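Features of the protein shown, as given by Swiss-Prot:
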type	residues	note
SIGNAL	1-21	signal peptide
DISULFID	C24-C42	disulfide bond
DISULFID	C35-C59	disulfide bond
DISULFID	C63-C74	disulfide bond
DISULFID	C75-C80	disulfide bond
Amino acid sequence: MKTLLLTLVVVTIVCLDLGYTLKCNKLVPLFYKTCPAGKNLCYKMFMVATPKVPVKRGCIDVCPKNSALVKYVCCNTDRCN
């Protein structure tokens, strides 16, 4: 009985994420990265002239301001970028 209980505890720890970690897409959305502590936003950067083609994606702590040439879209759920 103790072995079964210990096994269930180990499986629970392995299956559950003990601390919430955000996952953000890399430039190619098939791949993603787990964000380090403090980086709690995903972002997508693209040129204003070509809004359908992202230039960069990843994790960030604060969403940058848009400029005349570059636009940022930020979000805070897994793989939302």
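FYI, residue positions are counted from 1 along the chain as it appears here.
Each Cβ is built from the backbone N, Cα and C atoms, and glycine gets one as well.
Worth saying up front: this structure is predicted, and the values here are computed from it rather than measured.
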Rounded distance in angstrom between the Cα atoms of C35 (disulfide bond) and C42 (disulfide bond):
9
To the nearest whole angstrom, state the Cα distance for the pair C80 (disulfide bond) and C24 (disulfide bond).
7
Let me make sure I understand the structure: which of the disulfide-bonded residues listed (C24, C59, C75) has the fewest other Cβ atoms within 10 A of its Cβ?
C75
Neighbourhood of C63 (disulfide bond), C-beta criterion under 8 angstroms, separation at least six:
L41, Y43, Y72, C74
Roughly how many angstrom lie between the C-alpha atoms of C42 (disulfide bond) and C75 (disulfide bond)?
5
Between C59 (disulfide bond) and C75 (disulfide bond), how far is it from one CA atom to the other, in Å?
10
Quick check on the disulfide-bonded residues C35, C42, C74, C80: which one has the highest count of other Cβ atoms within 10 Å of its Cβ?
C42
